[in-house]
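Working notes, beginning with the structure itself.
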Amino acid sequence: QDFIVDNNGYRLQGYAVGPNGQLQNGVVTDLKVERANQAPQATSSIQQSYNLNSTLKPPTVTPFDPSDAATYNSSSSLGIYDSQGNSHTMSQFFIKNEPDPNATPPIPENSWTMKVLIDGVNPLDPSNKTPMSFNVTFDASGQMT
């Protein structure tokens, strides 16, 4: 009933809060989130940080397939919400690119392709399962360029 639990079902415990919102030191209780009638609020922005290992090699299995971890180097998923309060999963996949100074444009060292899906489809065209793609490049000091 609205208790905060871990993946084993154990309840998270913490200090109780009194009627005026003050912690009651020494009084440990199971923590729960009270439900309230609040208007849903859509996710409007996301700030994330990643640590991509520059020594990784590009995947040898192609083409990219979100269901095959051999086709990307790293992935992350995040729960987001629409304006009606419905939950969606944004998945990001990072693929290390093979450097190629002769390509047009050249593909530098430590460059990656980030692919994005929401609920398994393209965020801009839900009828399309091809993910959105972005190029991400880092300089020699590890700063994104």
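Cβ coordinates come from backbone N, Cα and C, glycine included.
Secondary structure counts, DSSP: the compositional bias 'Polar residues' (39-57) has 0 helix, 0 strand, 19 coil. According to TrEMBL, the feature compositional bias 'Polar residues' maps to 39-57 (among others).
Annotation source TrEMBL lists region 'Disordered' at 39-84.
The domain 'Flagellar hook protein FlgE D2' annotation in TrEMBL covers 51-145.
If you look up TrEMBL, you'll see 70-84 (among others) marked as compositional bias 'Polar residues'. Among residues of the same chain six or more beyond the compositional bias 'Polar residues' (70-84), those with a C-beta under 8 A of the stretch's C-beta atoms are 40-43, 46, 48, 50, 52-53, 56, 58-64, 90-96, 112, 115, 118.
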